[in-house]
Every structure is written in C-alpha cells, then in structure tokens.
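Now, the feature entries from TrEMBL:
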SIGNAL    1-28  signal peptide
TRANSMEM  278-300  transmembrane segment
TRANSMEM  342-368  transmembrane segment
TRANSMEM  374-394  transmembrane segment
TRANSMEM  415-435  transmembrane segment
TRANSMEM  447-470  transmembrane segment
TRANSMEM  491-524  transmembrane segment
TRANSMEM  530-556  transmembrane segment
TRANSMEM  568-589  transmembrane segment
TRANSMEM  601-629  transmembrane segment
Amino acid sequence: MEALGRRPHGIPMCVILMLLLLVTVAHSFYLPGVAPKDFVKGDLLKVKVNKLTSVKTQLPYSYYSLPYCKPEKIVDSAENLGEVLRGDRIENSPYVFKMREPQMCNVVCHVTLNAKDAKEFKEKIDDAYRVNMILDNLPLVVPYKRPDLDSLVYQHGFDVGLKGQYAGRPEEKYFINNHLTFTVKYHKDEETDAARIVGFEVKPFSVKHEYEGKWDEKTRLTCDPHAKRTVTSTESPQEVEDKKEIIFTYDVEFQESEVKWASRWDTYLYMADDQIHWFSIVNSLMIVLFLSGMVAMIMLRTLYRDISKYNQLETQEEAQEETGWKLVHGDVFRPPTNSDLLCVYVGTGVQFFGMILVTMIFAALGFLSPSNRGGLMTAMLLLWVFMGLFAGYASARLYKMFKGTEWKKITLQTAFMFPGILFAIFFVLNALIWGEESSGAVPFGTMIVLVLLWFGISVPLVFVGSYVGFKKPAIEAPVKTNKIPRQIPEQAWYMNPIFSILIGGILPFGAVFIELFFILTSIWLHQFYYIFGFLFLVFIILIVTCAEITVVLCYFQLCSEDYLWWWRAYLTSGSSAFYLFLYAAFYFFTKLNITKPVSGILYFGYMLIGSYAFFVLTGTIGFYACFWFTRLIYSSVKID
C-alpha cells in the first residue's frame, strides 16, 4: 500500500491529484465576461447594442426605443441581476464585421422619418443622449484630445446627434450621426495567426448621402467603396425632420496593436489625476495621526496616571478633573432609552460593514473589474443577504445585555426595518422611472426576485444569527449599575448633544470626501470607477477616524459626568452622513446639468439611500469603538 500510495520522492498521490485538479480548474475557469476569445481572419464579429444614456436626465433607454436599424430578430443577451438593476439592456445589432477584413460605406438600412420618429430623435439630441455599443465585451469609445492633457481621453459611446446652424441662417437645426467609422484594434499572435480584440473605437459623422435615381440596394452613395471615397467632416450633415430620408452607413478598419489582451482595459481606465488620490490619502492620514495622538494622550491619562496612581493625586483640583468619569461608574452601563432601536441599528450596521468589507477585498483583488458588467452590484446584493446572519447575532447579543427577553421581536425589527425603508424609497423611485418609460425601471419579475432574496434568505439568516446570539451568555458589564439614576450636572455649551454630535461627523467626512467626488462622478457622469485599492485605504482610514473621534468625544462626555453615551456614540460618527448628503446637494448644483424634475428626484432619492446607509455604517463603527473604550477603562479601575 505504501508503494502504491506514494511516489519515489515522497510526494503523496493525493497531493499530485489535487495539483492536477487545480491546474484543470485553472484552465477551465474564468471570471464571467473575462475569458479571452481568439479570432482568425474572416471570423464574424457581432456588435451588441446597450442602453442610450444621458448625464442630463440619468434615465437610460433601450437602443431600439429610437427608430434605428433593426436586425431580423432582436435577441436579449443573458444578464445578471446587477445589469438589470443598472438598466443595461444588451441586444444584438445589424452591425456585423469580419475579422481583419476592412469594409467601406456598408449600408445598414434606409429610413424615412415620420413626425413621431423625428420628435423622438430631437428629444434625445436635446438631452445629449449617447449610444453605447459592445464588441467582445469592450465598450465602444470615442477618442478625443483634451487641451490640458497630452494623451487621448475616451468618451463612452457616441452622441445620437448634434444641434447647429447653417451659415447665414439663424434657426437651429438638429443633425443625426448616421455614419460610423469603427476602428477595431487587435493583438496578433505571431505563431498561430489568431488575434484578440484589444480596442473598439468610433468616429461618428452626420452625412446627407447623395445618390442618383431611385433608392435600391445597389445605389452608389456619397461614400463609395468602388471609388475609395470615404466620409469626411466636410460633408453636408443629415437633418432630422419629418419625411426626411436617412441612410445609416458604417466603415470598419482594423489596426494591429502592441497592447496585449490582459492590458486592454488600461486605456479605458487611464487616470490622469492619480495625484489627487494620493493627496486625499495623505490628507486623511494627517487627520488620523492627529486623532491617534488625542486617543493616546487620553489612554495615558486615564489608564496610566489615573488608574496606576489611584490614591496619589497631588491637588484637589487635579482630583476633580481626573475622577470626573469615575464618578458615573454606577450609571455608565445603564440601558439607554429606545434600547431596542439601538440594537436594531447596531445589527444593521454590522450587516452593512460585513458587506462593504468583503466587497472591497474582492474588488481590490480584481474580481469585480468593469469588464464584468453588473458584477459589483450583484456581489453587494448577495453579500448583504448573507450578512443577515451577523446582523441577527449582533443585535441579539446587545439586546440580551440590556436584559431584553423578547428576542423574536428584535429579530423581526432587524430583518425588516432598514431593508423595508430602503425598499419603500426604491419602489417609489422605480415607479417614477417606469412612468418615464425608461429601461432603467426594474422589471416586476426582478422585483419579485429581490423580495424572495430578502424573505427567503436574508430573514431566515437573521433569525439563525439572533438565535445563536441570544443563546450565548449575556455580556457582563465591568461595573454594577445603581438602582437610582444619578443626576447629570449642567453641561457646558460645547458639550450640548447636538453640537458635539455635529462636530463629531466632520472629521470622518473630511477623511473620505475627495474619494467621494470620484465615486459620484463615476455614478452620475457614467465613468468607470476601478481604483478600489485607493478606496480600500480610504475605508480603513474611515474606520479608524470614526472610532477615534467617538472615543475622544465619549471621554470628554464622561469627564463632564454625563453617562448617556450609548446613542451619542452612535450619532457622533453617524452624523458624517449628514455632511455626505449636503455634499451630494453641492455636487448636484455645481457639477451636474440635470434639468428634468424626475431626474432631480431620482438623484436625491438615491443619495438619500446612500447617506442613510453611510449613517448606519459609520454609526455602528463609532458605537463599537466607544463600547470597547468604556468597558476597558471601567474594568481597569477599582471601585469601592
């Protein structure tokens, strides 16, 4: 058996089998949407169309909501949950290329507009809508040169059209981009002659195609492949008016590129302003260092000078200053008012923290790259559902410490309160999008799926977590609580709860607001956000800042003999969400060009959801920091 089970060099057979299995899995497994495809000369390349998007309205529409050329049969591509929630509608198109075979002036279709079609095109041109296409999972981009940068910048998608005037005429006309000059960049394998697509670019033109006689399939146009005449920007543009005929055409050229397939997204994700991210990190680290110094000073005063030299205070004045927090030892662990609600919010915060942490780790490792459309949202949604286990556990543990007995009631509140509020806001916003007939509206079937995820997985997991948490022994307070509450002395103006809570939120917000600008830009100006390494650093800085500012203000509060710290600790760091919402309003009025009332409601509705989630996250971090701090200092001091 020994001879059969082992190789001569002592490597167990099971290890060899495991390694072979891993190699096989490595060869057969790719992240969704990230598997490379090899194309040989003449292979068909099918262009897919995605939604029409606008930074002015934030309402996406299906490509075929406009009277563009259609294929014989429109087929929806398989979508994940994240893509549906983002409003992506990926469908096939009549644009079909052959690998490394250039084409010139291919006619897609010939359309005569009616009044309704012309009106729809004009509305989309007014709202600055862009057409998005995909080839081999790469989005279509328009390269252009910014005057302040040496390198090219890429705009996602091309404009439906433009507005302009003829020379010497005052009236404004609408022109459609009906001719597309595509450039497909490929990286060739010298040995096999196969190639991989590494770039997909377009130059759109508005061209009024001229032809003689009646229109048919063989009619020669302004651009003529036989005469090698291509479209240039000097051609007469194509107007959008009732009864105008439009001929949609395209050219394709293929360019060999030195860019390898693994690096093909680098040009799309080029970041010209990475210095500002480093500035953001350094700025945040300065805040952290300042707060760490404060916390270290407090720890030394309370734990070293105060606890070690308990009976050796030099002056009566120093004794009064040093022992302020010790005087409230009999009340500091008295359950707060609305303790049930606090348990629910803490449990929800733990759920949110777990979701964000795991998402950040996966994103920083590259699992949630922009090439995997909808992957980020799908991952966050599923993680939120499974983190319900920790939500139930955290809320039940705290509830039992507060001498609570009805654990099922607290479990139901944890399972339904926060998601219920979010779902209600989301439902109202979705109804507004549906009213605008936008493809961004989440279909009824997807709504059912979301409800099933909530009721079928999240709620039972919250119950399991609560059951386990409530079965454990209650967390013991390090000091006994007096039966009669101590009277709180009159506080100085700067210890006023509202004032200190609002002050506490400034620093956590200050640590993240520069990165917040880039996140808002990626969401509302339709740019890729991929610098998850920076974001993970900022997230860690946020955790430390929330914890330290809460500990510092909690210490000052206890020193002034105010023992009502439970809710204050949660609200101190949680108030950073208030500043986040104010910043979102500032961003709306200074950076966005949203004109429609519905789009404004959508923006503030989604930012309200984001701010509420940020409140729960930061509040929980602050609460646990203060909880740890109070337990630490009161367990270290001797009480007579």
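Glycine too: its Cβ is placed from the backbone N, Cα and C atoms.
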Selection from 447-470, 491-524, 530-556, 568-589, the stretch that has most Cβ pairs under 8 A to the transmembrane segment (374-394): 447-470
Touch test for the transmembrane segment (447-470) and the transmembrane segment (491-524), at least 3 Cβ pairs under 8 Å: no
Long-range neighbours of the transmembrane segment (342-368), counting only residues six or more past its ends (CB under 8 A): 31, 336, 375-376, 379-380, 383-384, 387-388, 390-396, 398-399, 402, 404, 410, 413-414, 417-418, 462, 532-533, 535-536, 539, 566-567, 570, 613, 616-617, 619-621, 623-624
Any contact, the transmembrane segment (415-435) to the transmembrane segment (530-556), with at least 3 Cβ pairs under 8 A: no
Same-chain residues near the transmembrane segment (530-556), Cβ under 8 Å, at least 6 residues beyond its ends: 269, 271, 274, 277, 280-281, 284-285, 287-288, 291-292, 294-295, 298, 302, 325, 356-357, 360-361, 363-364, 368-370, 495, 500, 503-504, 507-508, 511-512, 515, 518-519, 565, 568-569, 572-573, 576, 618, 621-626, 629-630
